[in-house]
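Here's what TrEMBL has on this protein:
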- Arg144: active site (ACT_SITE)
- Lys168: active site (ACT_SITE)
- His235: active site (ACT_SITE)
- Arg238: active site (ACT_SITE)
- His261: active site (ACT_SITE)
- Tyr270: active site, O-(3'-phospho-DNA)-tyrosine intermediate (ACT_SITE)
- 1-83: domain 'Core-binding (CB)' (DOMAIN)
- 104-283: domain 'Tyr recombinase' (DOMAIN)
Amino acid sequence: MPQITIDSFLDYLRIERGLSPNTILSYRVDLEQFKKWLGSDMLSISSSVVGKYASFLKDTRRLSTSSVSRKLSAIRMFYRFLQAEGAATENPAQAVVSPRRGRKIPSYLSLREVERLLDVPDTTSPAGLRDKAILECLYATGLRISELVSLNRRDLNLASGWLKVQGKGSRERMVPLGKEAIKWLNRYLREREGVRKDSPLFCNRYGERISRQSCWKMIKKYARIAGINKVISPHTLRHSFATHLLSRDADLRSVQELLGHVSISTTQIYTHITQERLIKIYKKYHPRV
């Protein structure tokens, strides 16, 4: 049997599947952790061993259901690759059932909370001006953090008010910008006059592409300063974007396109807000309530 390594699998994901560097890194971390826990040859294990690992993740490491499911999916895919390459005859992860995941209603900010958050950055400083442009861009477009930090200068057309975004699975989409986002992006770029078209749109103080972690920390910091006592995630402004559109009667299909969701069922998680509005309308206008 040929010798197949984790690196061979990751090369397959990068070259043949075209997965993003961040996704490939997640696969590497998940598989290296499994290999370390095993402490033995990855080819000589049974499904019961994978089941024990799943229990270890859930009961000892106290990982969330979604994290356990993701790690099992990575292991399952790795062994499927080994089978295809003739390096393994069976997939020991195939029979291990991933824990069921309940669909959580995403947390979002009210319009007033968004306004408070967007008002926090000190736009008289270069970093504050950049942060203001980032926040306005996130709320105006509903981008994922990974999509935002991947933007280059050439992806932004301020004259037409559109962004070219590369989403999951290397799928491109065009996203409109609102007037506030355009205004602050214009101000931000004036401070970076002469920036090349192939340069990152948002940079750190060293002139390098800003990281997802830096953006997340920045959003959490400003939310704290704004007195927003909610659990803040990297997707908070994305969730708020979708929720506010639907609450103003945007149709679900259009919101799906703006968010870059492949399936409309993913977008339907946001319809909780329309249900809340229906209840309020019902209670306000029904004569027997």
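Positions of Cβ are set from backbone N, Cα and C atoms, glycine also.
Automated prediction, rather than curation, is the source of TrEMBL annotations.
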When distances run from the Cα of Arg238 (active site) to each of the active-site residues Arg144, His261, Tyr270, the nearest one: Arg144
Model confidence over the domain 'Tyr recombinase' (104-283), averaged pLDDT: 89
Other C-beta atoms that fall within 10 angstroms of the C-beta of His261 (active site): 19
Active-site residues compared (Arg144, Lys168, Arg238) - the one with the fewest other Cβ atoms within 10 Å: Lys168
Close active-site residues near His261 (active site), where close means Cα within 10 Å, chosen from Arg144, Lys168, His235, Tyr270: Lys168
His235 (active site) as reference: those active-site residues from Arg144, Lys168, Tyr270 with C-alpha within 10 Å of it: Arg144
Cβ-Cβ neighbours of His235 (active site) (radius 10 Å): 20
